[in-house]
Amino acid sequence: MQLYSAIFRGHIRPNAVVGAASMFIQHNSIQLHRSPKLLLRPSSVVRSLHCRRSGGLVTHSQRSRVLCVKAARGDASSSTLGIEWRAANLPYFQRQNSGYGRIAYNDYESSDESDRDVGSSQSQQMAGSTLDNIDQWRFKLTMLLRNKEDQEVVSRERKDRRDFDHISALATRMGLHSRQYSKIVVISKAPLPNYRPDLDDKRPQREVVLPFGLQSEVDAHLHSFLDQKKTLIPEMPRQNSSESLANGYGNYETPETVMQNSLARERILRPRSLQLKSKQQQWVDSPEGQKMVGFRKTLPAYKEKDALLKAIAANQVVVVSGETGCGKTTQLPQYILESEIEAARGATCSIICTQPRRISAISVSERVAAERGEQIGESVGYKVRLEGMRGRDTRLLFCTTGVLLRRLLVDRSLKGVTHVVVDEIHERGMNEDFLLIVLKDLLPRRPDLKLILMSATLNAELFSSYFGGAPAMHIPGFTYPVRAHFLEDYLETSGYRLTTYNQIDDYGEEKTWKMQKQAQFKKRKSLISSAVEDALEAADFKGYNFRTRDSLSCWSPDSIGFNLIENVLCHIVKGERPGAVLVFMTGWDDINSLKNQLEAHSLLGDPNKVLLLACHGSMASSEQRLIFDRPPEGIRKIVLATNMAETSITINDVVYVIDCGKAKETSYDALNNTPCLLPSWISKAAARQRRGRAGRVMPGECYHLYPRCVYEAFADYQQPELLRTPLQSLCLQIKSLGLGSISEFLSRALQPPEALSVQNAVEYLKIIGALDDDENLTPLGKNLSMLPVEPKLGKMLILGAIFNCLDPVMTVVAGLSVRDPFLMPFDKKDLAETARSKFSGRDYSDHLTLVRAYNGWKDAERTHSGYDYCWKNFLSSQTLKAMDSMRKQFFNLLKEASLIDNIEGCSKLSHDEHLVRAIICAGMFPGVCSVVNKEKSITLKTMEDGQVLLYSSSVNGNVPMIPFPWLVFNDKVKVNSVFLRDSTAVSDSVLLLFGDKISSGGFDGHLKMLGGYLEFFMKPTLAYTYLSLKRELDELIQNKLVNPKLDIQLYDKLMTAIRLLVSEDQCEGRFVYGRKALSPTPAKKLKDVGAQLQNSGGENNKNQLQTLLARAGHGSPVYKTRQLKNNQFRSMVTFNGLDFMGKPCGSKKNAEKDAAHEALLWLQGESKSSLNDLNHMSMLLKKNKSKNHAKASTKWG
């Protein structure tokens, strides 16, 4: 007999007396022998291992107090006496965190225990055992802190779950992080995410099964393609794909052509400059021009005109701050233009003024053009996504920040541009912060370029210091006084009373359902409430009457306050002087729901007295322009807007402002790689901006619907967007601009983002194929950088073009880029849901539902019945029109990239919904979750979050079953739980072929994706087929991107095999758990289960039974244990309508094991079994699932 022997040393406290154990291993059986007790101190470490068999693999940690012996048979894990040493298996985002690099201790129960306590004797001993346990943990954590390489302690001990609160408090005092994952306790040096798939025993693994004969048919097409590949697909010359893209942007805000002959340049441009000068002077001298000049002189900016122009002439960078209404946005760019034209440099100057929003760029350009007596598109123009107006003589261009960034892709030095004005930098948008880094690097190479930064707040010093102490100038604003009414003031004067019930905002059934689902997961106070909790507790409202104080005690910080807003509006409409009302809300849901409520009001919903308008960034430009028009006499205009109305736009006739004090902004949880969309408190600067909108034309009133003490608790300024959003698109732009290392470049930002956020973004771009392992742009990445959409949506467009199913893919991408076209009126919700379900069919896809709705609208438009179609089907015609315009832009961009020639040729396979579903999967990945159908519910799990939910508006959100194993989704948002939006169900074959790279696992027939998070088990020959198809498919995409003229018909046999596989996969496989323990090895006869129990103590019976039931699609077995009079226990296990009674045993654990043993004996027919017999037992259980057999035993002994 060949033996291993080792001395084991556990975790002990100083001077503790323990027993050492000698371990003798014969093949796979383990026997333990106690040696005499030894006195061991923490400083002494046993480091000796004795191996008496050549070829044995002996591993140990020199720094930990865990010694492990691993058999040379290749077992995946090794354990000794309840201590396990293993490497953490983490998803790609969590692997980036160095905190999971090494596990110091991994304690687990050496035998299964029930979760239910029996008897009172254990409870009486809890206090003493807890103290001993905490002492042991204090030593473990001390050792963890001393060892620099070890990162965390992992325990599966039941006593540690029992004492987790105490252990967690101890860890916190020692500067460590703690979290409990189901039955596992983890203490770590690094912050811990909400979910760890490597510690999830219920993480699904997929067994893939294809219909009979499908694999052989697919293999035939594949082999035929491989045989003809060398002769059919010749080597084609490579070309730089970025060149064709760049050349296609010749008409996209290109600068003046640089003339080689300066004399010729002067001869041509001089007359044009004189012409512009003459035209400008004629306008100034005209009566209309004199009147406009007189108006402009009344603006505060005019007084600073000369000083501003002098500072710009003398400095390359100037920072200008100005209060709302001072005229900086409309006047300063004009002053520069007028100065250049007056100096006869009009034809050579080119001024670009960026705005953070489309509506701002359009409205400001129209205003400036009108002040110059011109039509838009002459000397003043604009360019935003989907539309623009500019001409040959346009010298001042207003555009969004994204437009300027896209120009930098093809014009790195901004040739011909003389001035760049970046407005609203105080908002700290991600594009604006990124643009500042790029411009800061560009200025030394362009000493003639002038940069003017404009802010609406007085934080100019921050930007001045960033640009090396650039001069900062301030324009004092002129606004009429605005009286502020905080919540306590309005309650005192109006007598309105707050109660628990009138603060429930009415979103209709849909929103109420979502809030109820979220409440199930709510375990702590919301961020809104906790942020102001201290301020409210310290507040003193003694100066107010009892009714007011009582209302304030009931005030809910989480409520937007629909009813309160309605009351304030009635107060204004009934008793206040004329003037428009601007109501600041958090987002479209709030605006739409409040608008519905107000329209149902007898006064506020009367169109003869009130004009209700909405203002949101996703609305069409024509709708947004309505807010600037003055209403008819006697009608009060009420505008419901988001925070975009703080500074970006100015509604001149606003006299009253209602401020809810909140804004819905995306924050980003880098540790869990999850965006969070929650209302948050605005900053003091934003509150002042909102208040200032009321004093434009006369003294105004501002109603802050929160107490003054809450305002005092606000942050001074808003957190930059760069620190609170995912960075994938930004990182792609950095690489496309050739700016070097992503992390190094972003470290130069005004306020650099978290390193983990950058790592997550880079890993994402690598997964979708935009970057290679060295962070270089791939051909796909170069194409993605030229498309004005998110990388995942751009990938869908490119693949749709390659595989000739572009038309529906353009519709999907356009729909995901704008607001959802499906409307959900409060009073017609059921009808709206019925209309939506009509488009969904049985495809289980929000994306294909969108395609059908759009196609129906296009058909209706051809017969001039589009409006009726939208009205009947609860669709937004404006959104559908925006989608239509965006589709045209996508087509033109792809055509310029030479990926398509005409719409007919690139949409030949648009009818193939299976192929379209595959393209959607390719774009959405790695946004994938598993779908496990249960009897009354559906369980969804993602890699970073564990269990998630679907929004009820999804076509998949209200179905009893989804007959697909996977969902790919566009977006996930954490509200209180994590919700998925815009999902499509896909099969195993679609995910394997169009998802991430697939690799072979530990044995034949085992495939892995996403670093092993997704695991698939199948026949080895089928695994080879998937690997071969995936390899050829990736090569096809690569060749097409490098050589856009490549004829895809050469790959017809390959595409036939792929289309056949994705269309005929019937999802006949199943999810299993713990499948690695059942890995296919050569069948070897074992002893019967009874003998196995004797040798191993029955430790595996409960686990084995659990695995069998899971594979057969049953729930977990239920154990009922009863204590008998003779201090023995008897247990009964129940599953699938079957009860099995075990024999009396000395402990509860052994009683449950014996009951599991009886169940396994029955399933095996009391015969000898092999590992292959597990499949037979699973099939037996599946048959029993449809029948309710007689119970094996129903009486207690």
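Backbone N, Cα and C define each Cβ position, glycine as well.
Pulled from Swiss-Prot:
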BINDING   G322, E323, T324, G325, C326, G327, K328, T329  ATP binding site
DOMAIN    309-476  domain 'Helicase ATP-binding'
DOMAIN    564-738  domain 'Helicase C-terminal'
MOTIF     423-426  motif 'DEIH box'
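There are 22 other CB atoms within 10 A of the CB of T324 (ATP binding site), with all protein chains counted. Remark: G325 (ATP binding site) has P300, G477, F478, T479, T650, G692, G695, R696 as non-local neighbours, by Cβ distance under 8 Å and separation of at least 6 in sequence. Other Cβ atoms within 10 Å of the Cβ of E323 (ATP binding site) number 19 in total over all chains.
Every protein chain considered, the tally of other Cβ atoms within 10 Å of the Cβ of G322 (ATP binding site) stands at 25.
Counting residues per DSSP class in helix, strand and coil order gives 2 helix, 0 strand, 2 coil for the motif 'DEIH box' (423-426). For the motif 'DEIH box' (423-426), the predicted model reports an average pLDDT of 88. Shown in sequence order, L299, P300, A301, A456, I475, G477 are the same-chain residues outside G322, E323, T324, G325, C326, G327, K328, T329 whose Cβ sits within 8 Å of the Cβ centre of the ATP site. G322 (ATP binding site) falls within a strand segment according to DSSP. G327 (ATP binding site): 21 other CB atoms within 10 A of its CB, across all protein chains. The Cβ of C326 (ATP binding site) has L299, P300, A301, I475, P476, G477, F478 as same-chain neighbours under 8 Å, each 6 or more residues away in sequence.
Neighbours of K328 (ATP binding site), defined as other CB atoms within 10 A of its CB across all chains, total 28.
Applying an 8 A CB threshold to same-chain residues 6+ apart, the list for T329 (ATP binding site) reads V364, D423, M454.
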